[in-house]
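Colleague: I'd like to ask you about the structure that follows.
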Amino acid sequence: MTNIRKTHPLLKIINSSFVDLPAPSSLSSWWNFGSLLGVCFGVQILTGLFLAMHYTSDTATAFNSVTHICRDVNYGWLLRYLHANGASMFFICLYLHVGRGLYYGSYTYSETWNIGILLLFAVMATAFMGYVLPWGQMSFWGATVITNLLSAIPYIGTDLVQWIWGGFSVDKATLTRFFAFHFLPPFIVTALVMVHLLFLHETGSNNPTGIPSDPDMIHSHPYYTIKDILGFLVMLTALASLVLFSPDLLGDPDNYIPANPLTTPPHIKPEWYFLFAYAILRSIPNKLGGVLALVMSILILAIVPILHMSKQRSMMFRPLSQCLFWLLVAVLFTLTWIGGQPVEHPYIIIGQTASVLYFLIILFLMPMISLVENYLLKW
């Protein structure tokens, strides 16, 4: 008798996507991050749902409702810190996932890559709106500064900002709509993830060598499901350790002060996972130029497939490109550090140098070094 998982209309979709899915036999642990993102996303939706049951999106009570969740709700502190640190874990996995795609040339699957960029923008917008909800000092001033960037858009900028605020400043209307929009995008992200996987399964997975692996495929289950479960355990252990031992390590102390429009924090900054983009924004003295650089720092990923000049797909056998890739990683770490520092010497010049290097490496140096490697292959 034919197995039900291969004949049932619903089960056969799951079967072809996760169980009998052919996968290259050489996938390394860098291919674990897609499934880890799925687990992180599940944790975020569950904890977010329970937090939404107790949270109130009103400027008078928002801060107190978060305090109430931590003090009075059964395991509310656990929900709150799982959600906050789960976002950090989500972005760690996300950046490693994108980095893997850049290193091994997965961006040549352009549909999957472009949906991934859309996902990145959607997740970043969701996380930003979530940061506003506790209504602490950094929430309020972060929302004010970041939304104000839209005023750099010619003609419609100021009207657009006031439309988003729902008034002439960040206030009750802003908080209410940010809560609504923080709750909605995760479901849009879920749909985009399905499209992302649909396009991925059309082409099949890339592998570390970058060479077509059609003659050498294995079943995803049990081989890669076991490997994924190990990844889940490692990541959930790291998340549990962070939540239980040092829940405020990645947060900002200013967010434990209730929002006050009359007092500005000494240094306004977003969450740590946006600091690299924030540093690029601040490194340009012109407002519109800074906003364009901020958007381009992420959107530049969309033109990476066009800039691929190498005859080889993966960087596995391209030592010169590898050096540039790790230089890019170092630049991103530098930008993240600079984004958290005050705007003063020597941080300004370091940030500007790192920002120039970031765009220089992706737009010019990587394509040029690929052409050099192509030339060396002829020898």
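Each residue, glycine too, has its Cβ placed from N, Cα and C.
Below, the features straight out of Swiss-Prot:
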type	residues	note
TRANSMEM	33-53	transmembrane segment
TRANSMEM	77-98	transmembrane segment
BINDING	His83, His182	heme b b562 binding site
BINDING	His97, His196	heme b b566 binding site
TRANSMEM	113-133	transmembrane segment
TRANSMEM	178-198	transmembrane segment
BINDING	His201	ubiquinone binding site
TRANSMEM	226-246	transmembrane segment
TRANSMEM	288-308	transmembrane segment
TRANSMEM	320-340	transmembrane segment
TRANSMEM	347-367	transmembrane segment
Colleague: Under a Cβ pair cut-off of under 8 Å, which of the recorded stretches 77-98, 288-308, 320-340, 347-367 contacts the transmembrane segment (33-53) most often?
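Modeller: Comparing 77-98, 288-308, 320-340, 347-367 against the transmembrane segment (33-53), the winner is 77-98.
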Colleague: Counting Cβ pairs under 8 Å that sit 6 or more residues apart, are there three or more between the transmembrane segment (347-367) and the transmembrane segment (288-308)?
Modeller: yes
Colleague: Just jot down the residues in the same chain as His182 (heme b b562 binding site), at least 6 apart in sequence, with C-beta under 8 A of its C-beta; none if empty.
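Modeller: Correct list: Thr126, Met129, Gly130, Leu133.
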Colleague: Can you count the other CB atoms that lie within 10 A of the CB of His196 (heme b b566 binding site)?
Modeller: 20
Colleague: What else in the chain is close to the transmembrane segment (113-133), if you only count residues 6 or more beyond its ends and a Cβ gap under 8 Å?
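Modeller: Answer is 55, 57, 62, 66, 87, 90-91, 94, 98, 101, 106-107, 139-140, 142-143, 146, 174-175, 178-179, 181-182, 185-186, 188-189, 192-193, 195-196, 199, 270-271, 273-274, 298-299, 301-302, 304-305.
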Colleague: Measure from the Cβ of the residue listed as 'ubiquinone binding site' and count the other Cβ atoms within 10 Å, all protein chains considered.
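Modeller: Within a 10 Å radius of the Cβ of the residue listed as 'ubiquinone binding site' lie 14 other Cβ atoms.
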Colleague: At a C-beta cut-off of under 8 Å, are there same-chain residues at least 6 beyond the transmembrane segment (320-340) that contact it? List them, or none.
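Modeller: Sequence-remote neighbours of the transmembrane segment (320-340) are 99, 102-103, 269-270, 272, 274-280, 282, 310, 347, 350-351, 354-355, 357-358, 361-362, 365-366, 369-370, 372-373.
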